[in-house]
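Student: Mind having a look at this structure? Questions to follow.
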């Protein structure tokens, strides 16, 4: 089988920086390292760090004074970070710079008295962190339809932002509707990162030129799920797998050309293995 592999597949800048910071702590022989939540959304990578002794705390209360704790790439709520610092926890901030920029941009709009409309996944850790910078009244929505049916008030001064890994085309539709509803003066923060845009555009282009698409990455990874969604929207059969052994070989064996892309937290080794398996069909 011929395979068209996306040039943008694999670790993004934010993931790479976060893992470098965690690796640096391990290289410095720190004995008591933990992350606050999964540092990235890839179970194979997380398993590797667990084998090196890195613990993953789901509850901030697990962190102890003096302990080295790495903040996940998705960021954490502002009040959680402040409480941990006040408790004497030695924090290493591995928040993606694009997420940090979104957090600070939202905080500046809050100071101007504006209310956030956030396009994102309600339960995603990045979204929970962004909301903590927004103040009261923020509205989270996962689709334009949800926003249209949401609790919007005519006398509020809104601004728009998106989870950094959201679908840029869907966000454009949201912007257009909000400005028709509330006026062109509604501020829009440019929070969808360049890597997300580039990956989605390349996934769309490849999907339009192949018989089947394979997207590799963690099932909990929002950006990976979005890649699968935009590829499938082109009308091509699309399979989202975490590892090559999850590929439905009987279902894809008869196709002539396969497209291959991967989420921002997918290691190159797994992408390589998937490509090799596809090419053997």
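Every residue gets a Cβ built from N, Cα and C, even glycine.
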Student: Of the candidates 124, 157, 169, which does Swiss-Prot annotate as part of the isopentenyl diphosphate site that also includes 41, 74, 221, 223, 265?
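Tutor: For isopentenyl diphosphate, Swiss-Prot names 41, 74, 221, 223, 265; of 124, 157, 169, the listed one is 124.
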Student: Say you check the Cα of residue 265 (dimethylallyl diphosphate binding site) against those of the recorded positions 12, 126, 164, 193; which is nearest?
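Tutor: Sorting the recorded positions by distance from residue 265 (dimethylallyl diphosphate binding site), the top entry is 12.
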Student: Could you check what DSSP calls residue 126 (active site, proton donor) once collapsed to helix, strand or coil?
Tutor: helix
Student: Could you tell me the C-alpha distance between residue 12 ([4Fe-4S] cluster binding site) and residue 124 (dimethylallyl diphosphate binding site) in angstrom, no decimals?
Tutor: 18
Student: Around residue 74 (dimethylallyl diphosphate binding site), which residues of its chain at least 6 apart sit with Cβ under 8 Å of its Cβ?
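Tutor: For residue 74 (dimethylallyl diphosphate binding site), the qualifying residues are 37, 95, 96, 99, 124, 125, 126, 129.
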Student: Around the isopentenyl diphosphate site formed by 41, 74, 124, 221, 223, 265, which additional residues qualify by having Cβ within 8 Å of the site's Cβ center?
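Tutor: After dropping the recorded site residues, what remains is 40, 73, 126, 165, 218, 220, 222, 224, 263, 264.
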